[in-house]
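J.: According to TrEMBL, the protein has these features:
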type	residues	note
ACT_SITE	B:His212	active site
BINDING	B:Ala124, B:Asn182	NAD(+) binding site
DOMAIN	B:7-121	domain 'Aspartate/homoserine dehydrogenase NAD-binding'
DOMAIN	B:160-247	domain 'Aspartate dehydrogenase'
Protein chains: 2
Amino acid sequence: MKIGLIGYGNIGRFLLQSINHNHLIKDGKITAISGRNPELGQKIADEYDAEYIQEVNQLIESDVDLVIEAATVEVVKKHAAAILKSGKDFLVISVGALADQSFYEQLHLICEKFGTKLLLPSGAIGGLDILKAAKSIGQLETVSITTRKPPKALPGAPLDQETVLFSGCAEDAIQKFPQNINVSIILSLAGIGPAKTAVTIIADPKVDKNNHTIEASGSFGKLSVKVENDPMPENPKTSYLAVLSVISALQSKDALIQMG
Amino acid sequence: MKIGLIGYGNIGRFLLQSINHNHLIKDGKITAISGRNPELGQKIADEYDAEYIQEVNQLIESDVDLVIEAATVEVVKKHAAAILKSGKDFLVISVGALADQSFYEQLHLICEKFGTKLLLPSGAIGGLDILKAAKSIGQLETVSITTRKPPKALPGAPLDQETVLFSGCAEDAIQKFPQNINVSIILSLAGIGPAKTAVTIIADPKVDKNNHTIEASGSFGKLSVKVENDPMPENPKTSYLAVLSVISALQSKDALIQMG
């Protein structure tokens, strides 16, 4: 599998290291990278034995089988349709782009028509296997998430007392609390949609790491998932699990033994 | 997708209802069923517009694309290799058959050689997406599961006090506590293997439903998943989630938008 990568910030470089140097994707290699800074792009491409292609449009015309976006919401909005129409699968990290329901549905139709796949890693959360199973026959009733972060990670939050910064549905959280947008969107898509998913965001001086508690109920029973996220090495702003879930999504894509 | 089904007990009939009557698998239909009781088999086949094929060997020679096993460990052991060699994918519910590591590895080699897939639904548990992500680069450190069941579900357990019936590694749990075999195996395969996965089984008079608490740690952070299982309608011995996870595994198999 030849992979094209858009973006070579911390996450992009972690993927280059994991895939091209540590060979974590069987028969997979990042053969081309694309991004706005040609000098840095060429340097990184050389380091990881890939080709530097400045324009995403040219990457789309290249022979890669799958494209990974590790850039911005704007890159997804601008190029997702063309990538999926070109016959390439597309793994999206900036899932905030999918907050627009009509855009999401448009991509779904394109995948159907062109036989391509949109891959959405589970990011900093999980337990989505249970939500998917529970809703497989339409009997998932409630889904909520409570995110606690250290106050210093939340600009303007009081440093000395627990403060609820947001409480409402995921649809509103996506608009009003973009720092948490990826988690709100992934949970909504895996579960019962942004209008019915409850989101609470708390600045909590008692925690020193981000944590998420997902609760759900339905005909299957009850579920509670708590994840305490350690940050990515050398990048305290990104949950390590979010990056690992990208590797995992790629490993699962063509796995001979599929679990979950 | 033409599906062959082995077994038409409670689980098999639930799948027939969900797939053939409620159309929960896009473009999927159970076209053939196989099992030991010809009279009942023919009656059920007629009810769900499928063909009855008594012998699994003949089912393997038919034109189905995928086979679901909803029968016994023995059926998996006897027929898995032939099914996967015939170019059909194979979804296994009696995962107890995979306790034998050399059998599991043999099936993996067959899948590789014949380009087929072995599908293992997550059963009565979940959160496996996080375990898979955490171990994608090999940094999943500890995995444990504590299962609590009402004493009446555990023959011989005292009815009036909490009693630890088993505490040890999954490898021993698989041998000594076959009632819990599916959960022990799936968790071991998704995580760090049967020798390192810790299993505790408790008869607890305070609970009226089975529940499982999975805890894990690694470089990603910490995870705790608690699932309280409601039973399947009309079958109090089977967790509803275990059956829903079969539908979900089939829905995910060819999904255009893959999450997690």
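We count from 1, first residue shown onward.
Any Cβ shown, glycine's included, is placed from N, Cα and C.
Bear in mind that the values here come from a model prediction, so they are computed numbers and not experimental data.
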J.: Would you count the other C-beta atoms found within 10 angstroms of the C-beta of B:Asn182 (NAD(+) binding site) for me?
T.: 25
J.: Using DSSP, tally how many residues of the domain 'Aspartate/homoserine dehydrogenase NAD-binding' (B:7-121) sit in helix, strand and coil.
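T.: The domain 'Aspartate/homoserine dehydrogenase NAD-binding' (B:7-121) comes out at 60 helix, 19 strand, 36 coil.
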J.: Give me the DSSP three-state residue breakdown of the domain 'Aspartate dehydrogenase' (B:160-247), ordered helix, strand, coil.
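T.: Secondary-structure breakdown of the domain 'Aspartate dehydrogenase' (B:160-247): 28 helix, 37 strand, 23 coil.
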J.: If you count Cβ atoms within 10 Å of each one, which of the recorded positions B:Ala124, B:His212 comes out on top?
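T.: Max Cβ neighbours within 10 Å, all protein chains included: B:Ala124.
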J.: Could you tell me the C-alpha distance between B:Asn182 (NAD(+) binding site) and the residue listed as 'active site' in angstrom, no decimals?
T.: 13
J.: Could you state the whole-number distance in Å separating the C-alpha atoms of B:Ala124 (NAD(+) binding site) and the residue listed as 'active site'?
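T.: Cα-Cα, rounded: 8 Å.
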